[in-house]
């Protein structure tokens, strides 16, 4: 790297001779200046191909629609891997490689760490580079990251699972020989943590050009009034990735991790199935499939020209809406951005732009809420409404992903249809955020109280104490608090596990498991005949019927929240100097992660932990996960965080409107007029 910038041949512009030959046609068609556009004076358009190899059929894709299709596919696969497969596989990876949650949290954070470190530099140098080739590099790194992330499966050998611990009341001490506290073993499996981190870092490197240079290229290549529509479609397509990742990953986890379940010769051996806590699914298959699929996308991105045909004309017709603080003149007069020595000044220009920084802080506040709910909405539904974890995750995906995609498409269409100016776009954001804030009050009236839980919210038929799972009826059962297996008794009270309910036996009747001889379960509350069981697996049915109401309000809250995402991107692209648009998106990406996506799940996690009423205490007396939450406290805390962030968003968007000064009519000339005149005279 020298003072003139990156000299990697992969990111150099095509041959000027080749570019001029392609531009001869458009020049004769009436745009005289286009024929003289050189490497330093304007867009270099060209055919779709590889050097002299430019098949005629490829030219059908050499337009903004063809690029948008390739961009959308890459965004989808990036979402499949980063926000889908990794999230759904993380618990399996924890068990397989003996990692605790703090270490897997480090794995998840590695993507954002790489993104933050590289975003500014990639967006700065890529602004004047060959953006489609940067996206080919993005596809290469995303594919490589997927491959590296799957490697531990092939290096760690076959999965060895131990004997199953009984979950019923057992008084014999020999039954729990495997449940005693033991120090950490000498297993080397946890060393694969570093491989996972490297894989995530590579994925972060690959994701950086996608949402900075890739988005800016869309804005370069389409008329101003269509930019929001195209960006909205691209962002909406990126939301399909997590949905596909969750569905694909969920199905793959039903396949045994080593494909074929090993047979054992034990006398009491029963074949491992998905309901067994020792079951691990084939988490690695999805990453391997995405590796091949993403690398195929290197081909289309490598054949796109530096600028799509017609870009020069589109740029010439655009009217600058840069915030009038003198930065546009400063950047053009000093040609800032040509070398690395300009980096500090270029960054300072953006940081001193009050409109840009207000929009960035507003979008970061929204990102904090969005990532927090994306992480913990299934947990909220599971605890508030008494649903299973899998069903809660499905409901969360059904609400979040379609609502977010719909919001981004609707806002893109509205901004495009009404041809909103930069100021109008920012005012539009105020209205959408205000509606989202009002809908956020759903947490106040669509919350549920806690169902009766023995040892937590009520005693064991008058014996024992609150917040103590052990009572005289189960004192001799030697139960483990680390084995959470809720059951519902015939007395309509929920118990932590069959063991804590004092159940000594269980039977299968038509594939349905029932528990019997339970010393802690009282008589039925409703005399409707004699039951042939005392408890059944699972939580007791909730009496709260607010779930449909909550999902409806929350759906529209997400729609209006994400209706601000596309307009924010468009407003950022318009309020900064033309030659700093990619760099502005890079600055936004850094703040978005430092203030939004990284602290969001942490803040929501702290709030949810603050509402915990029963913690997992393992055999070594170490505190683990939370089993039972105070539902009302959880609802109020999440609503408080969400409402506070919405108010911060609205305040900074209002500040953006206040600070924004459109360029005077005498300055609001087509962007490339001066450059074209200069090119003609040379």
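Cβ coordinates are placed from backbone N, Cα and C, and glycine is handled just like the others.
TrEMBL entries are annotated by machine, without manual review.
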In TrEMBL, one of 317-336, 397-416, 457-476 is tagged transmembrane segment. Which stretch would that be?
397-416
What is the three-state DSSP composition of the domain 'Kazal-like' (467-522), stated as helix, strand and coil residue counts?
0 helix, 19 strand, 37 coil
Which range out of 68-90, 134-154, 192-217, 355-377, 428-446 gives the transmembrane segment (229-248) the most CB pairs under 8 Å?
68-90
Tell me, please, if the transmembrane segment (636-660) and the transmembrane segment (428-446) are in contact, taking contact as 3+ Cβ pairs under 8 Å between residues separated by 6 or more positions?
yes
Using a cut-off of under 8 Å between C-beta atoms, tell me which stretch among 68-90, 192-217, 355-377, 397-416, 428-446 contacts the transmembrane segment (282-304) the most.
68-90
Segment-segment contact (the transmembrane segment (192-217); the transmembrane segment (68-90)) at 3 or more Cβ pairs under 8 Å:
yes
In terms of Cβ proximity under 8 Å, which residues at least six beyond the ends of the transmembrane segment (397-416) contact it?
225-233, 235-237, 239-240, 242-243, 246, 370, 373-374, 377, 425, 428, 432, 551, 554-556, 558-567, 570
Take the transmembrane segment (355-377) and find every residue of the same chain, 6 or more past its ends, with a Cβ under 8 Å from one of its Cβ atoms.
83, 242, 323, 396, 399-400, 404, 426, 429, 433, 558, 561-562, 564-565, 568, 571-572, 575-576, 584, 587-588, 591-592, 594-597, 599-601, 603-605, 608, 638, 641-642, 645-646, 648-650, 652-653, 655-656, 659-660
For the transmembrane segment (546-573), could you work out the same-chain residues 6 or more beyond its ends whose Cβ comes under 8 Å from its Cβ atoms?
215-216, 219, 227-228, 231-232, 235, 355-356, 359-360, 362-363, 366, 369-370, 373, 381, 384-385, 387, 395, 399-400, 402-408, 410-412, 415, 420, 422, 425-426, 428-429, 432-433, 435-436, 439-440, 442, 445-448, 581, 584-585, 588, 649, 653, 656
Chain residues in Cβ proximity to the transmembrane segment (134-154) (below 8 Å; excluding those fewer than six residues from its ends, i.e. six or more beyond):
10-11, 70-71, 74, 77-78, 81, 86, 97, 122, 126, 192, 195-196, 198-210, 213-214, 217, 257, 283-284, 287-288, 290-292, 294-295, 297-298, 301-302
